[in-house]
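Single-structure report; data block below.
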Ligand code: 1CP
């Protein structure tokens, strides 16, 4: 993978253009995804290595992106621990046995890697497919949810707008919340090390809902566990830390010592990059809503970010959050092609 632009950028080596991939690139905005999705449930897709590989390869083949991301979900760790997980059309993820108290936390399994073996199997199949691309050297990114974000689904029983139950849980039963976060962190370390052993070329940790937290709560209930996880990973591949709320939390994200900090779209990416320790790369940060717009606007806003990073090593182009399901495929492809044609 030495020649992969993506890997070079994670190592803060010089690249002739920024590498590009997009969060949620293997998903619902692609008609080809629906051809598969109409035949299987989401969890069947994740748990059948050949199907997970087919979906992982869609954006590689159809968009020509510079990195693939494993087709799975951040909530499979919660399921492996004992959460009863389902994904319903138009509803999103559901845990039908939400966590309410200490007893519920005690009941969760920590030695549950056997329940996640299908992910290692999928990684092997995907790597066989990527190897067939020959010189192209497309790396595979593995991932997991950060403990706070996974906890929010386990406690809310699904998605939430205000994280009311999660915050009540943290405020009224902090010791129980910490016990839960510690269990999720332990599982996440085993899970990510399993992915690394199975052959992923990079790891991303998603803390999608960190922006709901105050500085102190982010520090105690999120950052502490991310830092702990990163310190226990087998660091043979680069580690990317993403959160929404990164304009505020970037200094703490950096303090957890990932190789790459992945930011949302609020901040000036150059300013954040320059605030990071020497040699720590940055990923971001186009507002995904730009991809709904006219091509002229897409071009202007994509190039503005690339130009802003001129002269900075260690930059991976990405969105500030995932692609929405109804963004036109053509627009996404246009943005990827623009970035791939660019030369500094
Ligand atoms: O590119 C890819 O699509 C790779 C696979 C991937 C990843 C990295 C999926 C597939 N999910 C995720 C991560 C994930 N899942 C995150 C972190 C990233 C982010 O914030 O975008 C989160 C918060 C989830 C939880 C989740 N799973 C949601 C969000 C719901 C909410 O609370 O807003 C949804 C809709 C899912 C289901 C899901 N996961 C992935 C897909 C393609 C889908 C849709 C399933 C379907 O087609 O019905």
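Using N, Cα and C of the backbone, Cβ positions are placed for all residues, glycine too.
Over in TrEMBL, the protein carries these features:
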type	residues	note
DOMAIN	19-28	domain 'Uroporphyrinogen decarboxylase (URO-D)'
BINDING	24, 25, 26, 27, 28, 73, 153, 208, 321	substrate binding site
SITE	73	site 'Transition state stabilizer'
DOMAIN	141-157	domain 'Uroporphyrinogen decarboxylase (URO-D)'
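Feature annotations (TrEMBL) mapped to structure.
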{"residue": "24", "record": "substrate binding site", "CB count, 10 Å": "17"}
{"residue": "26", "record": "substrate binding site", "CB count, 10 Å": "25"}
{"residue": "28", "record": "substrate binding site", "CB count, 10 Å": "15"}
{"residue": "73", "record": "site 'Transition state stabilizer'", "CB count, 10 Å": "19"}
{"residue": "153", "record": "substrate binding site", "CB count, 10 Å": "25"}
{"residue": "321", "record": "substrate binding site", "CB count, 10 Å": "21"}
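Among the binding-site residues 26, 28, 153, the residues whose Cβ sits under 6 Å from any atom of ligand 1 are 26, 28.
Nearest in space to residue 73 (site 'Transition state stabilizer'), taking C-alpha to C-alpha distance over the binding-site residues 24, 153, 321, is 24.
Summarising model confidence by region, the domain 'Uroporphyrinogen decarboxylase (URO-D)' (141-157) averages a pLDDT of 98. Comment: substrate site residues 24, 25, 26, 27, 28, 73, 153, 208, 321; largest CA to CA distance 22 Å, whole number.
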